[in-house]
Every structure is written in structure tokens, then in C-alpha cells.
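Report on one structure; see the data block that follows.
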Amino acid sequence: MRFQQWIVFYLSWIYCAAQEAPGKCGPPPPINNGDITSFPLREYPSGAQVEYKCQNLYKLEGSKDVRCENGKWSNPPSCLEACTTSPEDMARNNIQLKWRNLEKIYVETGDMTEFTCRNGFRKAQGSPPFKVQCIQGKMTYPICVQWEAGECGPPPPIDNGDITSLPLQIYPSGAKVEYKCQNLYKLEGSKDVMCENGKWSNPPSCLGEARECGPPPPIDNGDITSFPLQKYPSGAKVEYKCQNFYKLEGSKDVTCENGKWSNPPSCLDSCTASPEDMARNNIQLKWGSWEKIYSETGDIIEFACRSGFKKAEGSPPFRAQCIKGKLTYPICVHR
């Protein structure tokens with residue numbers, strides 16, 4: 001009986017041991033240019049986590065956290081080296097930093113740096129681009145070479161036009177390029193420019209065509225003050241005026257601009273306070289004895305209840321504003 005009890009105890013111990021956490025891990029794996037942020041231990045239980053951090057000027061790639069799982073650590077991150085732009089490298093390639101006066105800067109992996117040629121130098125044929133990306137501590141520098149006597153760079157840009165040929169980085173002295181304007185623009189000056197001793201001759205201009213306008217646009221309840229013409233030159237102006245009892249909104253002047261008129265004004269309708277409307281609402285004008293008045297848009301008219309009447313509950317106010325030919329009347333009811 002005692003032997004059987006011992007067997008049961010032994011099997012139970014085996015089962016419990018199997019249920020315990022799997023194997024432990026040793027110290028976390030070392031990485032170049034980085035380390036863990038906590039004090040290292042000789043052993044770590046399964047499920048433990050440690051965090052890595054890179055040295056200054058190195059960029060961490062991967063997860064900063066690694067985990068002990070069944071006696072093995074998950075993959076640690078890498079610390080990628082930064083790039084250094086040194087005076088020697090830049091002098092060797094006749095370049096300088098485009099946006100800074102510094103001779104030496106550190107650039108993290110993945111970041112971009114932009115260079116330009118030093119004075120008296122131009123980009124070499126087949127050179128890498130001026131915008132350079134740092135890739136794991138390495139940069140591919142652009143290369144600049146000295147200008148040869150009489151050479152020109154790319155032709156000068158012009159508004160609303162361009163050269164007709166594919167632009168080059170270098171043109172020999174005596175080279176010519178031709179300019180062309182965009183649609184609806186007219187070329188003024190010579191279409192050809194020449195590279196002469198390192199300088200381009202003056203490029204042409206592309207001017208917008210001064211197109212004529214037809215008659216000015218009509219407006220409701222108004223018209224122009226001058227005799228209408230069939231055609232108006234670009235830059236011409238006409239003036240609008242509204243009919244009686246209408247109010248002009250906007251500029252009274254419109255201009256012909258390259259075949260189109262600027263926006264004309266509007267003539268806003270006036271309001272009429274009529275005897276019928278006032279009788280229907282049991283009101284009268286507060287300050288006048290007449291039965292009918294005209295008011296321009298924006299003007300205020302004040303009403304009052306007729307004798308024997310009082311203001312109705314929820315009635316609009318007695319002071320009514322004329323808005324584009326419409327009035328909201330107050331309402332009065334018997335006392």
C-alpha cells in the first residue's frame with residue numbers, strides 16, 4: 001500500500017513539473033552599438049521581457065522588446081549606423097551642403113541630405129543625384145566638376161512657356177535653344193537664345209493675348225450708363241445704374257479683362273408697405289400718416305397697432321427690415 005502511495009506521489013510530481021513554466025533563458029543576446037536598458041541577469045524565467053536601446057547617432061530597427069520563450073530569446077533589434085558628411089568627402093567631390101553652412105553633419109539611416117556644387121563647379125555627367133539617402137551608414141555622394149570656358153547651364157525658365165528641346169545640364173558655347181509659348185500666349189522677342197561665353201542671351205516673354213469683349217452683360221432692373229457697343233477692348237470699363245426704387249449691390253463698374261467682363265452688380269428690389277398688407281395685419285406706420293411707402297433693401301420701417309388692437313403673441317417685431325423686396329409684417333389682434 002505504501003509503495004502504491006509512493007507511485008501516485010511520483011506521478012503527481014512528474015505532472016506538476018510538466019505544468020511548470022518551460023525552460024529559462026540565459027542573458028539576452030548582445031547587439032552591435034546597443035544594449036539592454038536594465039541590469040543583466042544570469043537567468044530569466046520564460047515570459048520575461050527586456051528592452052534594447054541604441055547608442056547615440058544609431059537608429060534602432062526592429063522591436064525594442066525581446067521575450068524569453070521556452071528557453072530562447074526572440075530576435076533582437078539592430079542598431080543601424082548613422083552617416084557622416086565629412087569635409088574631406090565633400091571637398092573630394094567639389095560639393096557642399098545645400099541648406100547649411102556646416103562642414104560636418106550626422107544623418108540617421110533613412111534620412112535625406114541635399115548637396116549642391118561649390119562655386120565654379122557644375123554637376124558632372126552621370127553623377128548621382130544631389131538628394132542623397134543615408135543607408136546603413138553609407139552615402140553615395142554627387143560629383144561636381146569645374147566649368148569649362150564658355151559653357152552654360154540649363155536655359156533660363158520663362159513664365160507660360162518653355163524650350164522646345166529636352167533640357168541638358170551643360171551646353172557648349174555657341175549652342176542655341178528655341179522657346180515656345182503655351183496656348184493663348186503670344187511670344188515677344190526672339191524665340192532663339194544662345195550660349196555665349198558662359199551666359200545665355202535674353203529669353204523671350206510670353207504675353208497673354210489682349211482679347212476683346214462683346215456687349216456688357218445685362219442685369220435685372222438696371223443698365224449701363226453709356227451707349228452700348230458691339231466690341232470693347234481689353235481694359236475698357238462701363239458703369240451700371242439701377243432703376244428708381246432699386247438698390248445697387250456690388251461694384252457699379254465692370255472691366256473687360258482678356259475677353260471676359262468682371263462680375264456685374266445686382267439691382268435689389270425695394271419694399272412697398274401697402275394699405276392692403278397693413279389692413280390685413282391691423283397695423284399702421286408708426287411715424288407717418290401716409291398709407292403707402294417705398295423702402296430700399298436694408299432700410300428699416302417701424303409699425304404700430306391700429307387703435308383698439310394689440311400685438312399678437314409670437315408676432316414678428318414692429319421694426320421690419322426690407323430684404324431684397326420683402327418685408328415681414330408684425331401682426332395685431334383685437335384687445
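Using N, Cα and C of the backbone, Cβ positions are placed for all residues, glycine too.
When you check TrEMBL, the disulphide partner of Cys195 from the set Cys152, Cys181, Cys213 turns out to be Cys152.
Of the cysteines listed (Cys256, Cys267, Cys271), TrEMBL assigns Cys256 as the disulfide partner of Cys213.
When the candidates Cys16, Cys54, Cys68 are compared with TrEMBL, only one is recorded as disulfide-bonded to Cys25, and it is Cys68. The separation of Cys256 (disulfide bond) from Cys152 (disulfide bond), Cα to Cα, is 43 Å. Looking just at the domain 'Sushi' (23-81), the mean pLDDT is 92.
In space, Cys195 is the closest of the disulfide-bonded residues Cys195, Cys213, Cys256 to Cys68 (disulfide bond), judged by Cα positions.
Cα-Cα distance from Cys256 (disulfide bond) to Cys25 (disulfide bond): 85 Å (rounded to the nearest whole number). The two recorded residues, Cys213 (disulfide bond) and Cys195 (disulfide bond), have Cα atoms 42 Å apart.
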